[in-house]
Amino acid sequence: MAGGGFTTGGGKEFEAKITPIVIISCIMAATGGLMFGYDVGVSGGVTSMAPFLKKFFGDVYRKTVEEKGVDSNYCKYDSEGLQLFTSCLYLAGLTATLMASYTTRIMGRRVTMLIAGFFFMAGVAFNTSAQNLSMLIIGRILLGSGVGFANQAVPVFLSEIAPSRIRGALNILFQLNITIGILFANLVNYGTSKIKGGWGWRVSLGLAGIPAVLLTVGAYLVVDTPNSLIERGHLEEGRAVLTKIRGTHINIEPEFLELVEASRVAKEVKHPFRNLLKRSNRPQLVISIALQVFQQFTGINAIMFYAPVLFNTLGFKNDASLYSAVITGAVNLISTIVSIYSVDKLGRRVLLLEAGVQMFFSQMVIAIILGFKVKDHSNELSKGYAVVVVVMVCIFVAAFAWSWGPLGWLIPSETFPLETRSAGQSVTVCVNLVCTFVIAQAFLSMLCHFKFGIFFFFSGWVFIMSTFVLFLLPETKNVPIEEMTGRVWKQHWLWKRFIDDDDIIKGSAPASE
């Protein structure tokens, strides 16, 4: 399918068709999100299965199955061990992403995704065959290492290989695969919970091998990005790949020269992490860190990790809680597809601001209903109110899925200059995983102590982040990735104070020739 070009800061157009190799490469790479999503979705499901709890978390099993009514409704699942099972994946990912920053820069995006695939497969093997809690935790740590490598490489790969006018849509394939993974995990959990004999949880954990294999095979088959090849000194190979993915032999030179110049500037930076702290990189760094903190403090992962557990807490029976989790997973998937079609038309800011209103409203309604109907030792949540809670959760999930979910990854991956892109993505992933770890480790305890107030807590954060977007986040839609400095940051009322004219000249030098 033919497409137009995009305009650079110097006024030239880079010709770029939407070629099959770009679409296929992006789909293959985005399966890293499939694995991440499955890991997020499967943990909440298996931790609501009685045989799994009995084998690994006896204290929770006794509270939820043998001694119902002894503890507060909000505290049935409050267990540090159970939270560690979920959260250790993200702590491992935090450590792995530091190494992944090095491999992404030195060995390329493709090799980094391949390493992620191997970690995922090893983690699946340990979890599926786990005989004790130690094996289970080792498996989660290996999976977390895969998450660190995949989340480092995949968003950068997608941003670099895509033509700028559809960069948002293709980058959101990563988030789309996360939502597919979550839905797949919820469906699997719903089915395996009915298996007689108490081994259904092994099937749930074992089927993670499917996305693990897909990512590994996909990483083996795709080409590396021209940006990465040129950055590592493979100029002719980079030119050949650029020609192939852009679908043109005629007007490839301007974009190639810009990538070569960006690579030259990048090589002058000997310490990319230190360079991140330079004044000219402060806008991108602040925005990236803020987006990751805000993304997790929407409360989305608290809901997605523990959806079956949460619905059980609210009085849903086990089958009903898993069924409700499947519904929210489906809403998550459909809404992410909406984002793919709208992000490059409406822009990033519009989606984030609209979603802020929607998420704030839905969480306030949930908090009010639970405050009146779900007490410590009694549950008056009738069928009608239960349906309203599920609907409000779906409204919240939908808003997140077309805004903070995909854009929290998209915006940082498209704003850093080449010389700090790997380091910047590493910081982005690290902050995301730290915040995810905190929420995963603390949520069940917070639910126990805050009770229905947990939703007031998250709605307060939604208000803060929406205000941040309104005043401090510039629009980046349809701007070529190497032209962000002059066309985005230099035009912003606050961030322009951090950008020198020399930074703009460096970014637009090839385009002005």
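Using the three backbone atoms N, Cα and C, a Cβ is placed for every residue, glycine included.
Just so you know, TrEMBL annotations never went through curation; they're auto-generated.
What TrEMBL lists as transmembrane segment is 21-38 (among others).
According to TrEMBL, the feature domain 'Major facilitator superfamily (MFS) profile' maps to 25-477.
The transmembrane segment feature in TrEMBL is assigned to 81-99 (among others).
What TrEMBL lists as transmembrane segment is 111-130 (among others).
The feature transmembrane segment is assigned by TrEMBL to 136-158 (among others). Long-range neighbours of the transmembrane segment (136-158) within the same chain, counting only residues 6 or more positions beyond its ends whose Cβ lies under 8 Å from a Cβ of the stretch, are 25-26, 29-30, 32-33, 35-36, 39, 56, 84-85, 88-101, 103-104, 109-110, 112-113, 115-120, 122-128, 130, 167, 170-171, 173-174, 205, 208, 212, 215, 222, 225, 409-410, 412-413, 421-422, 425-426, 429, 432-433.
Away from its own ends, the transmembrane segment (170-191) comes close to residues 22-23, 26-27, 29-42, 44-46, 48-49, 154-155, 158-159, 161-162, 200, 203-204, 207, 211, 304, 307-308, 319, 322-323, 325-326, 328-330, 332-333, 335-337, 339-340, 343, 401, 405-406, 409-410, 413-414 of its chain (Cβ-Cβ under 8 Å, at least six residues beyond either end). Positions annotated as transmembrane segment by TrEMBL: 170-191 (among others).
Positions annotated as transmembrane segment by TrEMBL: 203-223 (among others). Through the fold, the transmembrane segment (203-223) approaches residues 21, 24-25, 27-29, 31-32, 34-35, 38-39, 42, 45-46, 110-111, 113-114, 116-118, 120-121, 123-125, 127-128, 130, 139, 143, 146, 150, 157, 181, 185, 188-189, 192, 195, 241, 244-245 of its own chain, all at least 6 residues removed from its boundaries and within a Cβ separation under 8 Å.
Under the heading transmembrane segment, TrEMBL lists 285-309 (among others).
With a threshold of 8 Å between CB atoms, the same-chain residues lying at least 6 positions outside the transmembrane segment (321-343) that come near it are 41, 44-45, 48, 168-169, 172-173, 175-176, 178-180, 182-183, 185-187, 189-190, 193, 303-304, 307-312, 351, 390, 393-394, 397-403, 405-407, 410, 477. The annotation transmembrane segment is assigned in TrEMBL to 321-343 (among others).
What TrEMBL records for 350-372 (among others) is transmembrane segment. Only residues 6 or more beyond the boundaries of the transmembrane segment (350-372), in the same chain, are considered here, and those with a CB under 8 A from a CB of the stretch are 298-299, 314, 339, 342-343, 381, 385, 388-389, 392-393, 395-396, 398-400, 402-404, 407, 451-456, 458-459, 462-463, 465-466, 469-470, 473.
As annotated by TrEMBL, transmembrane segment applies to 384-405 (among others). Remote same-chain residues near the transmembrane segment (384-405) are listed as 175, 178-179, 291, 294-295, 298-300, 303-304, 311, 314-316, 324, 327-328, 331-336, 338-339, 342, 351-352, 354-356, 358-359, 361-363, 365-366, 369-370, 373, 465 (criterion: CB distance under 8 Å, separation of at least six residues from the stretch ends).
Under the heading transmembrane segment, TrEMBL lists 426-446 (among others).
The feature transmembrane segment is assigned by TrEMBL to 452-473 (among others). Same-chain residues lying 6+ beyond the ends of the transmembrane segment (452-473) with a Cβ under 8 Å from its Cβ atoms: 286-287, 290, 294, 297-299, 302, 348-349, 352-353, 356-357, 359-360, 363-364, 366-367, 370-371, 374, 404, 411, 443, 446, 494.
Comparing 21-38, 81-99, 426-446 for CB pairs under 8 angstroms to the transmembrane segment (111-130), the maximum falls on 21-38. Long-range contacts of the transmembrane segment (21-38) within its own chain (CB-CB distance under 8 A, at least 6 residues past either end) are made by residues 109, 113, 116, 120, 146-147, 150-151, 153-154, 157-158, 161-163, 170, 173-185, 207-208, 211-212, 214-215, 217-219, 221-223, 244-245.
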